[in-house]
Amino acid sequence: MRTTLGLSWRLLRGGGRRGLLGSLLTLAAVAVSTGLLLFAVGANHAFAARSAADAWRHPAKAHGTPTAIEALTTDGVRGKPVTVVELAALSGDAPVPPGMKRFPKAGEVWTSPALRDLMRTLPADQLSQRFPTRTPTGTLGRAAVAHPGELVAVVGHAASDPSMTAARSDAMAVDNVASPTRIDRYGTGSQSSYAFVYQMLAAIASVLMVVPLLVFGGAAARLTVARRDQRLAALRLVGATPGQVVGITTAEAVLTAAAGAVLGTVLFAAALPALTQITIGGGTWYASDLWPGVWTPLVLLAVPVLVGLSAVVGLRRVVVSPLGVARRATPPALRAVRPLAFLAIVIAFGLVAGSLTSFGRAGLVILLVFLALAFIGINLVGPWIVALIGRVAAGTARGPARLLAGRRLMDDPRSAWRTVAGIALTGFVAGFLALLNPSAAMFHHGSANRLEILVPSASAEHVASAARDRLRGLPAKVTVEQREDAAGEGRVTTVRAAVDGAPADVDRARTALTGLVPGHTATTPADADQASTGLLGDLRTGALTVLGVSFLIAITSAGITGASAVLDRRQTYAMLRLAGTPLEVLDRARRQETLIPLAVMGGGSLLTGLFFGMPFAVDFGYSGALTLAGFLVVGFGGIIGAGALSRPLLRAVTTDPTPRPD
Amino acid sequence: MNVPTPSVLSGTGLVKAFGPAVALDGVDLDVGRAEAVAIMGPSGSGKSTLLHCLAGIMRPDRGEVRLLGDRIDDLGERRRSALRRTRFGFVFQFGQLLPELPADENVALPLMLGGTGRQEAVRAARAWFGPLGLAGLEGRRPGELSGGQAQRVAIARALVTRPAVVFADEPTGALDQATGHDTMRLLVEATRDNGASLVVVTHDPGVARWCDRTVEVRDGRLLVPSPGAA
């Protein structure tokens, strides 16, 4: 074992400048993969952390003897939601809420840092007068707050306080309110339906990002092996045992990958401050939530292991026959089971797609499995189609560039596929997301100036006149209205205050109306739309993030595989140049080798993505078309750019006139 | 056999240095029409550098190279590249055939690079297979050929454009003695039959014996000045 490690280390160090360049390419590939993998894991971690910070606010009925009463209302200030948790102790052992040192006493107000700052800056009649004390008793800790900008207040009451008995409901929302409930501990499950939606979207986004990453990481691993092929075949020829050959290469790949994984982690840590600024779900992120925590060492460990495994698989050929790689023979055709598997996946999805949305959580799992299967399917059918394209291109070629490109595609469709796999898989992502790109017109934006309080119809007129009293001096008109309730299950009576003024006047009115009807908060239609319009923006942000990450993977992967292809074939290129082949012909052949399969596979994947997105199609519209156009421009541009980057390398390897048997 | 013929390729006063190491130190060499010249010498004597300068792969620091009376050493890379493609042929020790292409397309490639249509190029390429003892191997890929067969395909490729000069650098270096001598005989005969001159770099006296004339390079200079006796 020590001999193997020692030899790998020597080979790694003694590889010369080109060997070093190759190792650096692998290192860079693994670093990018690791960084993005940490991001994908971190995003899920962050959504789970947010969900946990939100869960305790939703009371669940006590199983044992209740020790406290908990209620939840959602207020608003300057168009942003303020979550108000009201607590009253029933006995001395009332449970201490997350993020607080002790159970709040009656009349105390604990706030999140953002709310504390806002209470300081806004005039008292716009915000802080809504609470029992104008200056907060304490600040809520991390565990009670979902994101840095979140506005949360925990208000302590006596158990006999009317607000701890009045049923909660407001005129608009049904999700973010909970009537006083006798509890013995805080809820742990997510009660907010939006938290679930976000976690679901994060899971989909992760699958969309992680699968191409794994493909890319595998390509990087095989890249090390490909470069070592020749030398390892030589080792095998001089009598190294298969075990030693596998050991040496795997150790080499794992060493490089371990360095790459560490570098990737450093890169991710460096990018973390920027990543926390991505606004989703109404706020930015805590760096500690986005950092994958215990998952970090697991990723750091898993990446080198996966790269090592991939290297072992790639080595099978060399190990089976010492001549397997040293002598290039006609490769066996790829089996037809590849396109059949792909078709089977697409057809199976077509069969279940229609009913997916009615399955709830199970439907999500099925969708995630199908997304992963779609990636695997595209990855299976990719090389097969590349070989087919190669056969057609070589068969119909008239000029040398097309002939070279076609023969090369036929000869090694897997490696040609690896160059374009990233963009092809991104095509799937773009196609899938294009349909999930709702246009703004789908969501109606309710008025932000019309405050409504739900009232029993008998006391409506009485409440309305009290409201007029409280709003005296403000540009508000108070009326009594009858309308459908938020759940659409009957008619309700509301007292409506139409405020004709600036947001500050609306906040003054809200503050003035606080406590008018115990348990009922004045809300605007805009408050109710907030979650859905927020979700719309977040879908866009999420889609752009996933697309950005996919493109980053795809273009890095194209650049790295392009450069390594030049290195692998440097001898051939040098010979061709020497015999008078113009550099342009070589370059054109190289470009066609990438662009022909890219055009076919990129388009095919895009269509597959559209097909898979169909059951969830919200709207195609303008932004969907923009997504697709963006994919075409960035995808092709990126690939051409990444290919152009290795042109100087091509020039460099072909200026060396003497062929060497390295 | 040693009757002086009009010179096809000539190098005069060739000097080439790599940093402090002088590879060529004033070499004169003339190659006659359909003449086969062997360049011999120990490793590092400068024989490969001489071949590279004569073939327009490298530009000499001083001196000049003429092909049929026209200077070629002062041409730009693009024109020298075109010259190598059209007027010269190359045979090397290894790595000259494209592993992805079948044998006939490997031979046809220089014609296609010169603008000949594919069908015509492949037809012309296949015509070389019979005379070189390669009949039936047209569709084989380089990995499926023996060392001697691969070298014969390389000879066909070097001659398919009907070049003025064929350059060979250790063409039998990777072959056993018997196969090497067969290959050498074929190379010399086929080149001569096509009216092309041949410049072979080798350190094997058995290979040099097939040529009309041998020159020896030591420390960047010719030991036997050209023209001279073999």
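Including glycine, each Cβ sits where the backbone N, Cα and C put it.
Just so you know, TrEMBL annotations are computer predictions that nobody has curated.
TrEMBL assigns the feature transmembrane segment to residues A:624-645, out of the candidate ranges A:140-161, A:624-645.
Of the candidate ranges A:253-275, A:340-359, A:415-436, A:543-567, A:595-618, A:340-359 has the most C-beta pairs within less than 8 angstroms of the transmembrane segment (A:365-394). Cβ atoms under 8 Å from those of the transmembrane segment (A:415-436) belong to residues 208, 211-212, 215-216, 219, 222, 226, 371, 374-375, 378-379, 382-383, 386, 390, 408-409, 539, 543, 546-547, 550-551, 553-558, 561-562, 565, 593-594, 597-598, 601-614, 616-620, 624-625, 627-628, 630-631, 635, 638-639 of the same chain, restricted to positions at least 6 beyond its ends. When each of A:253-275, A:340-359, A:595-618, A:624-645 is scored by its Cβ pairs under 8 Å to the transmembrane segment (A:543-567), the top-ranked stretch turns out to be A:624-645. Confidence for the domain 'ABC3 transporter permease C-terminal' (A:204-317), expressed as mean pLDDT, is 79.
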